[in-house]
């Protein structure tokens, strides 16, 4: 007695057997019998989706877990940068010691990249204030600007210092003493920069630095070029002297009849 509605036929074209306990392929969702349910037996076209391999670190030979869809090379590289226990990886981590302080970033750099606003250290990708959502309030003056301001402050103090000859004698009688008028204090920024803006103060400081700069010492290449030029000029002078001596010692062929 047959039960045509019970079970299912195998999807393999060469089999087509009615199986009362059919099996479903988890890759292609086909129905197969127990003999053809394997990927290789029915030549499954979606078997590559189930071919999951775990990469192994080439330095410490430890399996590295990889998320689905993530390139294995990237996972192995991050493992070498963070968790690898081999000597080359640990030596590399000693060089890259400056960790990015942005939340979620584990990148390390050889040198510090400090934000001018918040003062924290970041990697190359998050060094700009917009990239790491900088919490620093306002715009701080740069180091060059601070140097220019201090230079301008020194110039202002020297230019505004009163000379001894211009000091007025104090009155002898207290009745003639005039009350001092209250002086208005300038804002700290204007007094610090002598009435100049930050850019003007920076330009003034750069001009003074260039004016006070000492003559640069010649490099080794320039010294070699100078010595070669002097040797050539000395050789040329010696050659001309020899030519002049040879002309003076050469006998004349002219004869007077």
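Every residue, even glycine, has its Cβ placed from backbone N, Cα and C.
What Swiss-Prot lists as Zn(2+) 2 binding site is 25, 28, 42, 44. Annotation source Swiss-Prot lists Zn(2+) 3 binding site at 100, 105, 123, 126, citing sequence analysis. Annotation source Swiss-Prot lists domain 'UIM 1' at 197-216, citing sequence analysis. As annotated by Swiss-Prot, domain 'UIM 2' applies to 221-240, with the evidence given as sequence analysis. The S-geranylgeranyl cysteine feature in Swiss-Prot is assigned to 254; the stated evidence is a curator's inference. Feature annotation from Swiss-Prot assigns phosphoserine to 163, 173, 187. Under the heading cysteine methyl ester, Swiss-Prot lists 254. If you look up Swiss-Prot, you'll see 141-151 marked as region 'VCP/p97-interacting motif (VIM)', on the strength of a curator's inference.
Here the features listed in Swiss-Prot are painted onto the structure.
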residue: 25; record: Zn(2+) 2 binding site; Cβ within 10 Å: 19
residue: 28; record: Zn(2+) 2 binding site; Cβ within 10 Å: 16
residue: 42; record: Zn(2+) 2 binding site; Cβ within 10 Å: 23
residue: 44; record: Zn(2+) 2 binding site; Cβ within 10 Å: 20
residue: 100; record: Zn(2+) 3 binding site; Cβ within 10 Å: 21
residue: 105; record: Zn(2+) 3 binding site; Cβ within 10 Å: 15
residue: 123; record: Zn(2+) 3 binding site; Cβ within 10 Å: 20
residue: 126; record: Zn(2+) 3 binding site; Cβ within 10 Å: 22
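Across the structure, residue 105 (Zn(2+) 3 binding site) and residue 28 (Zn(2+) 2 binding site) are spaced 39 Å apart at their Cα atoms.
DSSP labels the residues of the domain 'UIM 1' (197-216) in these numbers: 15 helix, 0 strand, 5 coil. Surrounding the centroid of the Cβ atoms of 25, 28, 42, 44, where the record places Zn(2+) 2, the chain contributes additional residues within 8 Å, namely 11, 27, 30, 32, 37, 39, 43, 45, 46, 47.
Taken residue by residue with DSSP, residue 25 (Zn(2+) 2 binding site) is part of neither helix nor strand, so it is coil. Helix first, then strand, then coil: DSSP counts for the domain 'UIM 2' (221-240) stand at 20 helix, 0 strand, 0 coil. Rounded to a whole number, the C-alpha distance linking residue 100 (Zn(2+) 3 binding site) with residue 28 (Zn(2+) 2 binding site) is 45 angstrom. The residues near the Zn(2+) 3 site, meaning same-chain residues not in 100, 105, 123, 126 whose C-beta sits within 8 angstroms of the mean position of the site's C-beta atoms, are 101, 102, 107, 122, 124, 125, 127, 132, in sequence order.
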